[in-house]
């Protein structure tokens with residue numbers, strides 16, 4: 001059964017609560033409401049960590065000032081509820097062996113909230129430090145009583161051809177799953193719908209299967225990203241074959257960069273899933289390992305597709321550079337032919353342009369038309385010769 005506090009009316013369904021409300025409901029004073037200040041450039045804060053001891057929480061990544069939202073879901077085979085807690089300290093009371101508690105945190109720039117969750121779930125300081133550092137490489141770690149996973153969620157906008165990257169961290173143990181999202185781009189909507197409707201086997205399995213389902217949703221996003229990159233690649237390829245404009249070079253380098261980012265996200269993710277599937281962790285059941293093996297195969301397919309797109313993009317770059325070189329060669333060929341034709345004509349004009357007193361041809365009434373006729377014959381003969389040699 002679900003926790004008895006629901007029957008007593010202590011909690012009520014809600015999708016999520018901002019951290020400002022949590023502060024108001026607790027004994028701590030509420031912080032001042034933040035003011036949105038747009039920052040056009042990405043600012044790094046890694047320099048602030050220099051010299052600090054390990055485990056010190058410093059948010060590294062895109063500066064954010066908006067509220068952090070928490071969403072709670074409790075479920076078992078009998079049902080699913082989404083409570084709103086009056087105080088975050090009530091959360092440990094909802095943890096028991098009869099239900100799974102999933103806490104999703106949207107926004108990781110509130111360091112005090114991360115510290116409170118870390119204290120409630122007894123998370124290692126290094127885990128908390130990695131959660132607020134958005135430049136982590138995808139990885140998986142086993143801390144005995146809980147596991148920690150870092151992955152990258154990707155989304156690709158086909159219209160402006162821009163790749164968006166978001167870090168998502170997972171902490172899971174006996175009866176609980178914590179997810180920390182960098183921003184509000186939620187990739188887990190389908191998983192929540194399955195929990196609410198009871199479709200599939202999510203409600204009947206342990207927390208490790210929920211982690212598998214969340215990872216599977218992220219991998220599905222990768223396939224969508226590759227579809228977008230493939231669609232743009234086909235368009236650029238058609239433009240390259242029909243009209244190779246200089247703007248195509250920028251498109252090709254943008255595609256190449258996107259493919260590189262996807263590869264950097266998927267390659268270590270394969271190692272993470274492989275470790276979960278073949279590892280000896282007691283938190284992963286044999287039932288879940290079977291599905292992790294299938295998810296591992298999906299990452300292999302992603303890597304193969306990425307390598308294929310990288311080869312295609314590299315070939316398109318070579319084709320564009322070869323096309324540009326051929327255009328330059330054609331221009332130089334025309335200029336060379338024109339220069340070659342005018343060389344004898346310039347010689348004739350230079351000879352008769354010299355200021356000698358005695359030049360019999362200058363006094364001949366036919367000198368001028370004969371000279372022009374010779375020039376025309378020379379130019380025509382050279383054009384005929386170049387055409388016969390297929391140089392034109």
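Here the Cβ of each residue, glycine as well, is placed from N, Cα and C on the backbone.
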(Q) Labelled transmembrane segment by TrEMBL, one stretch among 313-333, 334-354. Can you tell me which? (A) 334-354
(Q) Can you work out which residues elsewhere in the same chain, 6+ from the ends of the transmembrane segment (334-354), have a Cβ less than 8 Å from its Cβ atoms? (A) 361-362, 371, 374-375, 378-379, 382-383, 386, 391-392
